[in-house]
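First the structure, in the form of structure tokens, and then the observations on it.
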Amino acid sequence: MNKRFRFVHFLFILFLSISFLSGCSFRDIDNRAFVLAIAVDDSGDTKKPYKVTIKVVIPSGNIKQEGVKYAFFSEKGVSISEALALIRATIDKDIDFSHTKIIIVSKSLLDRNLGNVTDFFHRRRDIQLVSWIGIAEKRAKDILKMEPKSQSSVTTPLFNFFSRTAVQSPYITPMYLFDFRRQQIETGIDPVLPIIKIDKKEKRCVIHRALVIGDGKYVELTPQQTMIYNILRGNIERFNAEIKEKNGKFKYGVFIDSTSIYYKINRENSKQPIINYKIRHQGILEESSKYTESNLLKEYGKETSKIAKKMILELLTYFQKQNVDPLGFGLRYKATNLHTGDTYKEWESLYPQAKFTLDINVNIISTGKME
Amino acid sequence: MKRYVFYLIIVNMLWYSISAGHKVLLDLREQGSLLSIVLSPLFGFMFLIGWIHFFQTIPGKDLPDQLLKYFPKWLTRTILGIISIMWFFAGLISLISFVFTLKRFLTPETPAIFITIIFLTFITFGILLRTKSILYTIEIVLLITFPFLILLILKALTSSEFELDFVKEAVMHINHFPSFSAIANSFYVYLGVSNLIIFNNQFQQHDFTFKWKDYLIAVLLCLGTLFVSFFIPIGLLGYENIDTIPYPMMTASDTLRMPLGIIERVLYIALTVSIFTTFLSILVHWHVVVQIAKKLIMTKKNIHQPINWLLGLIIGTFWIISIYLINVINEYQLITFSKLFNNMLPFFFFTMILLFQYLKRRAR
């Protein structure tokens, strides 16, 4: 009796769990419109400033026969939620945000406080906090509508750019929605968003620049700066670097496959903090303009580190001059100093004086398949 | 059988990590939360020794038995009445705050009343079980959920988005003097063992002896919970504005991804696990209430009919109060109320320890 009762009870709890599975909340899958991406534009209308476009995938019974159908809906509104509510009245299905992966905000909206633009996405519970956010160079709507040449049937192309499972490029700066929020509202670190451009002629997306969103100002990064930022921030470990001769001619290229980066803020001098970077790269030669010699590998490494050092220092002082802090030095300062006064204010006055030192070592271990 | 005492501790501990308690601690991070977490083992240790020592001396008996033996009837009734009201509210807070969480994250379109009724149905069956069956239930459910919990914690701590600098920033605020509320809320996590007031009647002398090693494990488990529930939301959501997030643990689990897992959004695993732990928490608390009520109601006349109409009345009250409150209360009131409730607990439980000392002396 007792044993049987326990078994029944076990089943009971199993059923309890089933009753709470979310399922479709009483709505079938063919009555739902799954939103893949949302684009927010400036409508140019002062009364209804937002123009929201959504990309909806229509569920179909047989993908092989019917293919995947997308539909686009856009509407103007005072707020994003109003625009979406208006869109809701134009679709014969229920809008479902639970599969939304990409949020694109137009660059012209940056004049407004971007925190207000993204507030809706943070607040709504069914938009994943692990969706990606990006900036559109011109119109966000066009990016959604573009179908690149390399598009495969089911996925959104931008999804593959940002999730590291497909594309791994040092130029792309993926930014999760929650990561954006915490970097934006916390002091001591500034978020960096990727700028998405479209190449209409070639039908492709170009994502190789980034935008630092500082305190009330925006600093655009060149592709090279974006790459160095991504390396320093630890977003990417594997990348290529080109070494040129003095006259600008290509000399050789290295491929770095493992990276380790540390930095420390040295406060021995209370007026001028020193930020010590320690960078270790390991890689191989990838391309060269002439024959290479394996006994000179150390020389190549030294040369590469010298050039890398110069580029990194340039970027760090550039950030400092612009008074933006995308690498989170202020946060590190707060994290290493006991909170006795307003440590962030201290840092704000210290940062313009800070000095950077770099200890960089590129270890090239092979010349590749040939010498 | 010793492990069942640990289960009681673990149930409370798990519930704590999603309750308002850890939310309050995160809110008070500039008023000494961290220091009070670090100091909490002191109080926790005192509390555990106070309770477990007492219950070890009365194997196979529960608190109502003991009170009825040494105290006049009216005093026993008052004390047990206060205890059952406390335990009822503990269960009620669990129920309401979890219904809110479910409505926010899992089934936003289902009415809150409907979720409450489903929960209450299962709990009503649960709390009427025998005490031993409840202990078995706890064991089974914990065995199912524990691997997932370990997975969740590892996933959060090893996530590349877990920013260690935020955690370090939080550590740098250790120099704030703890406020009373912070101490009270970090004390809550140790209270699991208090359910022994009823569950002790299942433990005989030979199978329930806590040695210093067991105390140490219990305290370390609770301390670990405090650290995990404090640092995981901070590491994933930032330090300075963590108080702007109403459900820190759930939101933190939404920031994790399992790109190659069966479910990509870790949030749903976290929700499922927390359904189980909340269910256990309510079950344990309200079972204590029902058992105390039984002890009080049972006279010689109706001792042979286990479910009489008075018991039905009590459970009916549970239903009515829960369903009424779920409609009128809002999130802010709930947090305020649970903060008040948690602030009261240290006084309550240390008074209880004094009571135990008195009872011990009477028994001699």
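Including glycine, each Cβ sits where the backbone N, Cα and C put it.
Listed features, source TrEMBL:
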type	residues	note
TRANSMEM	B:5-22	transmembrane segment
TRANSMEM	B:34-54	transmembrane segment
TRANSMEM	B:74-100	transmembrane segment
TRANSMEM	B:112-129	transmembrane segment
TRANSMEM	B:136-157	transmembrane segment
TRANSMEM	B:177-203	transmembrane segment
TRANSMEM	B:215-239	transmembrane segment
TRANSMEM	B:266-288	transmembrane segment
TRANSMEM	B:309-329	transmembrane segment
TRANSMEM	B:341-359	transmembrane segment
Between the transmembrane segment (B:112-129) and the transmembrane segment (B:309-329), do 3 or more CB pairs sit under 8 angstroms, pairs being 6 or more residues apart? yes
Count the CB pairs under 8 A between the transmembrane segment (B:74-100) and each of B:5-22, B:177-203, B:215-239, B:266-288, B:341-359, then give me the winner. B:266-288
The transmembrane segment (B:266-288) and the transmembrane segment (B:112-129): do they have three or more Cβ pairs under 8 Å, with pairs 6 or more apart in sequence? yes
Between the transmembrane segment (B:266-288) and the stretches B:5-22, B:215-239, B:341-359, work out which stretch tops the count of Cβ pairs under 8 Å. B:5-22
Where else in the chain does the transmembrane segment (B:215-239) make close Cβ contacts, counting only residues six or more beyond its ends and a cut-off under 8 Å? 6, 9-10, 13-14, 16-17, 22, 25-26, 29, 33-34, 37, 40-41, 44-45, 48-49, 52, 153, 156-157, 159, 161-164, 166-167, 169-170, 186, 189-190, 193, 245, 248-249, 251-252, 255-256
